[in-house]
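Pulled from TrEMBL, these are the features on record:
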DOMAIN    21-70  domain 'ZF-HD dimerization-type'
Amino acid sequence: MKFINNVHAAQGNGGNLGYIYMECTKNQAASVHQYSLDGCGEFRLGGELGTTEALLCAACKCHRNYHRKVALLLF
Ligand SMILES: [Zn+2]
């Protein structure tokens with residue numbers, strides 16, 4: 001896996017497919033049975049690549065998996 005700016009690229013399947021991670025979809029109010037988002041609009045690497053911190057968003061501190069994943073074709 002290689003990283004091009006904020007695009008998380010994965011090679012394979014005969015093409016160059018990459019992903020970007022958009023707004024945070026973690027429900028911040030689940031513990032009180034409500035629905036509220038933190039307003040984070042785009043995942044930002046939270047640390048150096050290869051570290052666990054990199055998988056946490058620099059803006060909202062949520063794990064990358066909480067951010068909406070969008071597939072891209074890279075040319
Ligand atoms: Zn975020």
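Cβ atoms are placed via backbone N, Cα and C, with glycine included.
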The domain 'ZF-HD dimerization-type' (21-70): DSSP-derived helix, strand, coil residue counts | 10 helix, 10 strand, 30 coil
Mean predicted confidence [pLDDT] for the domain 'ZF-HD dimerization-type' (21-70) | 93
